[in-house]
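Enquirer: Questions regarding the structure given below will be posed in turn.
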Amino acid sequence: MIKLTRKLTALLLTLSLAAASLLAGITGAVAADAAPTITIAPIDRAIVLAGQKFDFRVELNGAAVKKSELKVTVNGQDAEAYFGKKGVFTNANANSSELTIRQVSFSKAAKIGIKAEAKAAGKTVKKTVFYEVYEAVGNPKKAKNVVLMIGDGMSANIRTAARVVSKGIDEGKFNGWLEMEKMEYMGLVTTSGMDSIVTDSANSASAYATGHKTAVNAEGVYPDNTEDPLDDPRVENIVELVKRTKKMSTGVVTTADVTDATPAAMAIHTRKRSASEAIVNMFLEAGSRPDVIMGGGLEWFLPESAGGKRKDGTNKIDAFKSLGYTYVTNATELNKANSASKLLGLFKKGNLDVYFDREYTKPVNKAIVGEYTDQPTLLEMTSQALNVLGKNKNGFFLMVEGASIDKMAHPMDLERLIWDTIEFDQTVGLVKQYAAKHPDTLIIVTADHGHSMTLNGTYNTEAAKGKTGEELREFVGTYADSKFPTYVDANKDGFPDDPDSTWKLAVGWGNHPDHNDDFLTNPTPISPTIQDPNVTDKAWYIANPDKDPNGIHFTGNIPHDEAVEVHTFDDVPVNASGPGAQLFSGYMDNTQVFRNIVTALGIKATSK
Ligand SMILES: [Zn+2]
């Protein structure tokens, strides 16, 4: 786009005077772009829970004015008077002005109109936004507990692939459905954020956790015009809300680093998802402290002197222990922690290894898992989380994430991605068993965005033996030649005994960098690309020559600075069971997931 504009400008500059008026028009457009603009947070068309706390911020960018020159009204009344609170007026940048009123809320269901107006350089700049404020009412049977299960990047096609691999299909009929497919209600969720059509996992998890859209990399905040990633206008999230209003217990369980986007967005606030050290600090704040935190990410809890990555020299494991948390470091300790009232489980420095490498491969490949030979499964973590959180008579909110579905979709590692999807689905089964005994539990299973995997047919590994490169194409079965997969699961554990059975799934990728693929299981996780050694001034990825050197070469179809397959903006399925599950049917915006959760719980956020 930028390149095109430059070319166009260059072309115009070569034109004769006859085109001068056109050129003036273009120049005029540039000048108009530079005119001061007003942005307001929350953004236009926000749907806000009555009583939910948020930071209200009006920014005038492109002009510095005095406070008296920036007029902001809410339903016709001066904003500070409306919210009953003095704001802070700043000129954060040389050419900007801001009014921020922190920790305000709307008291009841209403239509809200916000008008902001400033006089800058003799011109009047205006902005109007509208909100709908709702109360969380209308669910006849209240949920006491909510378990939000997020298969990160788990598109509909990824579910189907897991069903093929785990259950099998004969004569066109599947031999079973996944646990997540056997639930009461189903809908489809959009995934886009406020800044771009394709989201990342911070932005999308934030929509589920707050009911507000935000930008890529942001969690629990609207993006502002300052560099500081911790000062952006906040929106109260689900962990904070259920703690404040109902004294519920809360937990986050993930196969990723616990400071990763999806778990962090449930509880904390930052413009920059990679602010891991600060995220741990926020996990410790009373109002946003989950009672159960489990996954990887040990390195963000330890100072550098103790092998961690913390620059501030503190040991946050000690901080959690002093607050009464039981701390566990492996599956054995975790499974014995039944009496814990609060639980911190950190099982690896970074992300946990994937199911394929930590459970399925026997013996475990130490070159992959290193010293971490006793990592828990997602089932073990979730089981203990339910036990600990279930002790609170006020109920609990638990988020469970199958994180490596996404992390293995990016490098297009079919087996590792599907094995983690099956592990996630078996965890859904475990939570359903809990809900059978505790029927006041709402279970929601969804994804936060898609990946571009397509289900092309099946692949004949036997016939392809000894063949290389382009020859492999001939063994992809299409139409009548797409024979049913021959995966065998003799021990009935839900995972095939041989991932490369004679006929296996043949998948494609809608977007991808340059890479090679031989359609067979990778013995270890491997990057599809490397930086082109001949390009030193920018990121420029080419196929990794060490990955599937005898495979088919695929020429990339996304920019060269993308090292892996990227997210898509597919609508993603949502399934739900339990009280309030009926709210999850039909198409919905991703912010509606939050609204449905608080409505299922009947949260009165206006209470103190
Ligand atoms: Zn991702």
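Glycine is treated like the rest: Cβ placed from N, Cα and C.
Not my notes, these are from TrEMBL:
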SIGNAL    1-31  signal peptide
BINDING   D152, D260, T262, E401  Mg(2+) binding site
BINDING   D152, D406, H410, D448, H449, H567  Zn(2+) binding site
ACT_SITE  S201  active site, phosphoserine intermediate
Enquirer: Specify the nearest of the binding-site residues H410, D448, H449, H567 to E401 (Mg(2+) binding site), where nearness means the distance between Cα atoms.
Expert: D448
Enquirer: Around T262 (Mg(2+) binding site), which residues of its chain at least 6 apart sit with Cβ under 8 Å of its Cβ?
Expert: I150, D152, S201, A205, T254, A256, M399, E401, A403, D448
Enquirer: Cβ under 6 Å from an atom of ligand 1: which of these binding-site residues qualify? The list is D260, T262, E401, D448, H449.
Expert: none
Enquirer: Which one, from the binding-site residues H410, H449, H567, has the smallest tally of other C-beta atoms lying within 10 Å of its C-beta?
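Expert: Minimum Cβ neighbour count within 10 Å, taken over the binding-site residues H410, H449, H567, occurs at H410.
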Enquirer: Would you kindly give the Cα-Cα distance separating D406 (Zn(2+) binding site) and D260 (Mg(2+) binding site), rounded to the nearest Å?
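Expert: Roughly 12 Å, rounded to the nearest whole number.
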Enquirer: DSSP on T262 (Mg(2+) binding site), three-state: which is it?
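Expert: DSSP call for T262 (Mg(2+) binding site): helix.
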Enquirer: Reduced to three states, what secondary structure does DSSP give E401 (Mg(2+) binding site)?
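Expert: E401 (Mg(2+) binding site) sits in a strand per DSSP.
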Enquirer: Compute the mean position of the Cβ atoms of D152, D406, H410, D448, H449, H567, which form the recorded Zn(2+) site, and then list in sequence order the other residues of that chain whose Cβ is within 8 Å of it.
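Expert: Going along the sequence, the neighbours come out as G153, D200, S201, S204, I405, A409, A447, G450, H451.
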Enquirer: Around the Cβ of the residue listed as 'active site, phosphoserine intermediate', how many other Cβ atoms lie within 10 Å? Please give the count over every shown protein chain.
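Expert: Total other Cβ atoms inside 10 Å, all chains included: 28.
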Enquirer: Same-chain residues six or more away whose CB lies under 8 A from the CB of D406 (Zn(2+) binding site)?
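Expert: The list for D406 (Zn(2+) binding site) reads D152, G153, M154, S201, H451, given in order along the sequence.
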Enquirer: Around E401 (Mg(2+) binding site), how many other C-beta atoms are within 10 angstroms of its C-beta?
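Expert: Cβ-Cβ neighbours of E401 (Mg(2+) binding site) within 10 Å number 30.
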Enquirer: Mind giving me a neighbour count for D152 (Mg(2+) binding site)? Other Cβ atoms within 10 Å of its Cβ, every protein chain shown.
Expert: 28
